[in-house]
Amino acid sequence: VCVMERADLASTPPLAMPPSIAAAAVDHLSAPDALKSRPTPSQSRFQVDLVSEAAGDGGTAVASDSPPEYAAVPPFDGLRDSEEAKGRFRVVNFAASSPDAAPAEIAQNGDTVMSESSQQHHHYDTHTNTYYLRTFGHNTIDAVPNIDFYRQTAAPLGEKLIRPTLSELHDELDKEPFEDGFANGEELTPAEEAAAKEASESKGVVKFGWIKGVLVRCMLNIWGVMLFIRMTWIVGQAGIAYSCIIVIMATVVTTITGCSTSAIATNGFVRGGGAYYLISRSLGPEFGGSIGLIFAFANAVAVAMYVVGFAETVVELLNSSGALMFDVTNDIRIVGTITVILLLGISVAGMEWEAKAQIFLLVILISAIFNYFIGTFIRVESKEKFGFFSYDVGILAENFGPDFRGETFFSVFSIFFPAATGILAGANISGDLADPQMAIPKGTLLAILITGLVYMGVAISAGASIVRDATGIESNMTINGSNCTDAACKFGYDFTSCRPAAGSLVLQVMSVVSGFGPLITAGVFSATLSSALASLVSAPKVFQALCKDNIYPGIGVFGKGYGKNNEPLRGYLLTFGIALAFIVIAELNVIAPIISNFFLASYALINFSVFHASLANSPGWRPSFKYYNMWVSLAGAILCCVVMFIINWWAALLTNVIVLSLYIYVSYKKPDVNWGSSTQALTYHQALTHSLQLCGVADHIKTYRPQCLVMTGAPNSRPALLHLVHAFTKNVGLMVCGHVRISSRRPNFKELNSDMVRYQRWLLHNNSKAFYTPVVGEDLRQGTQYLLQAAGLGRLRPNTLVLGFKNDWRIGDIKDVETYINLMHDAFDFQYGVVILRLREGLDISHIQGQDDSSAVKDVVVSIDMSKDSDADSSKPSSKATSVQNSPAVQKDERSPALPLNVADQRLLDASQQFQQKQGKGTIDVWWLFDDGGLTLLIPYLIANKKKWKDCKIRVFIGGKINRIDHDRRAMATLLSKFRIDFSDITVLGDINTKPKSEGLTEFAQMIEPYKLREDDMEQEAAEKLKSEEPWRITDNELELYKAKSNRQVRLNELLKEHSSTANLIVMSMPLARKGAVSSALYMAWLDTLSKDLPPILLVRGNHQSVLTFYS
């Protein structure tokens, strides 16, 4: 039985159902339908499944009240209806299954929960089973929750499915669905695409569990050479009590870091890159990039440090047996070089070989540790001369307190602490772990616990069984009656002759104590080689992840992986080169503290990441590891910084300088990545908190800022308007680019959303600190009213409307003039100030770009070259620009190269860029004729403070009376000095009210002639009717009433041409027109007459609230 959402979709294959039904289905298809081929797997958005409710084996469908069981069948290879081909619907048929069929089992694999179906792969379809269709007994394309919808890439965990988009569920049937590949906003970055590709290719990869992958590595790395050659020396200096405190302090730092690492590792799927991946995905690329580079370098140098430690032991053995090749230093270099080549071979052979080598080394190491502990219980007389007497209360009491000889507590601590590092050895190969979320917390914390206990065990056992001083000479037998107070005295030894010496507890003590001496030497070899091997693997893996994220230029070549395990062979060679260079130097005493500090810096940042993420309170921060606390993590970060300075203050300073330099570099480069870091979350949190705090405080004149709603349309269509407003709002006030999309039919909101993303990116890319806000309205006035009412948030709301002057008002539809003038009236009604910018050449360059405001779908955003004197160096290629142009919302303009522009367009294009260039020596002329609260004066002051305008002086022009010119000038100078506004000159115009020249009056009369009502030439009723139908008409009465004001505009234009024709910018008080009394045509004529044939002019009218004050 076919259950359909629409009957005409019954396109089922003959082979998948009984013949009669199949034949009916085929008959139903029209000939054109039958010719349609099935989409390829990549096109197939949804699967088509065959399901039927059946009982018995006769193939007859029967109705059943009980919920059916559904059998998953591969999608059909048949035909699709035209609607289905569009991806509108999926066809689902119910096929026979046995009544006792079990429901799909859910397989759990670490972090992955996937339906059984997602493990069945068919070559012809990526999604073989609509798991959710089993939940409901009827056909629906609405999906139930499924892990496969939340996958970011086609990872080995399972296939990524795409859930039905909102458009597919909600849009009307006759409407085309929104065809973009990322309906859910899940566009992948290039790095993620690479990861997806890598993941899809990495079948049959070797993955490690928590023991082999994390526990073994961490234990081997933590149990370094310190355990055998430094631990007993530390006990001799610090005593048992202080030694235990030192171990506990180091363990506390590493445990807090381990908990923080676990929290980050369990907050989502972890890929390769270890510490770098954890920090960069938590704190962002700035911290991640800086720590990633030094962490990879530290690991590479650590290889050299451990190999030299191994080589020194080997050369010591050669020396003791008289088998030196050259001298000690050169022998260390030779042995070190051979060793690092062998280790490289093991690493390059693959992770599986490296893991086997680690297991082998761990067995030796544990054997050596057991060998030591067993040896402490066996008292051998031949060892007594070396100070070993097995466990004794007297020795324990004597060694309990410290006996520092040339050292301090902190210097001993600084020597021990590097032995506790290495806790990230498991996390560093996170990409090679089967389930990093489970393995990293379990393995790391258990390794810290085990190694901490062993260190304390060695400290206590050494302190309880070995005396501090021994000569190793038989002749130290005590003479009866001599003054001997040491613990060794009761055993018949007097070692007092050793006491003044600084070297307590010789380095070979563990070999003496152990049951079998050579095994301790093997343990030293094992400890050094295993740590070297772990570092040799960690460095390339971390560096590979860093290269793939493309944060630093020129290192991508080392990110290439080879083989099924994606081994970074080039990274191995680079690490080998660095290690070899430092082995040849063979002077590692200087480099060792820097390495420790590099590791500590990464520990500090991991701890800080957890604090930061918790502080940001992002809903996305929900680690499954619960045993962490944000304040403990902060304390851990501070402790790590303190320990850095304890170990070596100059190395700590150097580390901080390097991290800070790399941080500044990455911040400046702004890599095109978005990882949802806690920095973003905290920025949002702070913005929200501060926005709410602002709302609780009333406005004050001293904190007034011009917050502009700029009617730019598409931001790139009126660059001059954008740049000039940006000049006085950048880092000062809010700027919102308003765009009214006029649509009388159903608006296309999807296009609106895609434009919002694309133009906001364009603004950011061009360093314009502004927000883009589009609205859909039936006309410009309605859309602007929406913006005037709704733009902004709380106190971050516009208070000034900025418009471009309507240059074409006399040739366009006069209704547009009515709308334009009403915008200003509406702004004043909403208590906004109004600013109008006029350029001789005009403002709108969208026709040059082939981008018309009113059109529905348009091509790519055309960037004009703004590299000349601009804030942003747009001559550099930017990955951001590429991503904008390649995004699905933007169609590339495939036209042939642009033809040369005509003269007018070329002038317009040049004029549109004039505010981007540095303004030479010149003036900003302020015609402050009417007091509007001070906005007319504040805007030019803010512009003149900008770098591009700093060579321009402010000149102030005011109206006055002929007989009081000096008085008015002095009064204005006093006012400006109280406002602390610099000016170069004040001009008082005493002849504003002089009658203008006749040419100007004639021109004005000609301008308004077409818009006169001429009510004297018609009946009163007819005149009133015409005025109500065409309200822009100018009545004779109105013309007579405002004759003086009209003449003033003509006269002011003459004065402007006389005084300010060479100004870089004119800022002038805008004349006001009373709403309902002055017709829009007359008001437009005033504005046109006043501002024509002049340099760039800003007509400004504030909302008559003070924006300047001289009170402190």
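Any Cβ shown, glycine's included, is placed from N, Cα and C.
Feature annotation from TrEMBL assigns domain 'Amino acid permease N-terminal' to 125-176. The domain 'Amino acid permease/ SLC12A' annotation in TrEMBL covers 213-709. What TrEMBL records for 214-234, 240-270, 291-311, 331-350, 359-378, 409-431, 443-467, 516-539, 572-592, 598-616, 628-651 is transmembrane segment. Under the heading domain 'SLC12A transporter C-terminal', TrEMBL lists 718-1112. Annotation comment: TrEMBL describes 868-896 as region 'Disordered'.
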> So what's the mean pLDDT when you look at the domain 'Amino acid permease/ SLC12A' (213-709)?
Replying inline: 80
>> Can you work out whether the transmembrane segment (291-311) touches the transmembrane segment (628-651), with the criterion being 3+ CB pairs under 8 Å where the paired residues are 6 or more apart along the chain?
In response: no
> Of the listed stretches 359-378, 443-467, 598-616, which one has the most C-beta pairs under 8 A with the transmembrane segment (240-270)?
Replying inline: 443-467
> In the same chain, who gets a Cβ under 8 Å from the transmembrane segment (331-350) while lying at least 6 residues past its ends?
Replying inline: 206, 303-304, 307-308, 310-312, 314-315, 318, 324-325, 357, 529, 532-533, 536-537, 540, 563, 565, 567, 569, 572-573, 576, 579-580, 583-584, 586
> Are the transmembrane segment (359-378) and the transmembrane segment (598-616) close, by which I mean at least 3 Cβ pairs under 8 Å that are 6+ residues apart in sequence?
Replying inline: no
> Is the transmembrane segment (214-234) packed against any residues at least 6 beyond its ends, judged by a Cβ distance under 8 Å, and which are they?
Replying inline: 208, 243, 246, 306, 309-310, 313, 355, 358-359, 361-362, 365, 368-369, 412, 415-416, 418-423, 425-427, 429, 433, 439-440, 442-444, 446-448, 450-451, 454-455, 458-459, 462, 466, 504-505, 507, 509-510, 520, 523-524, 526-528, 530-531, 534-535
>> At a C-beta cut-off of under 8 Å, are there same-chain residues at least 6 beyond the transmembrane segment (598-616) that contact it? List them, or none.
In response: 253-254, 256-257, 260-261, 263-264, 267, 275, 278-279, 282-283, 287, 291, 294-295, 297-298, 421, 423-424, 628, 630-631, 633-634, 636-637, 640-641, 643-644, 647, 655-656, 659, 678-679, 681-682, 684-685
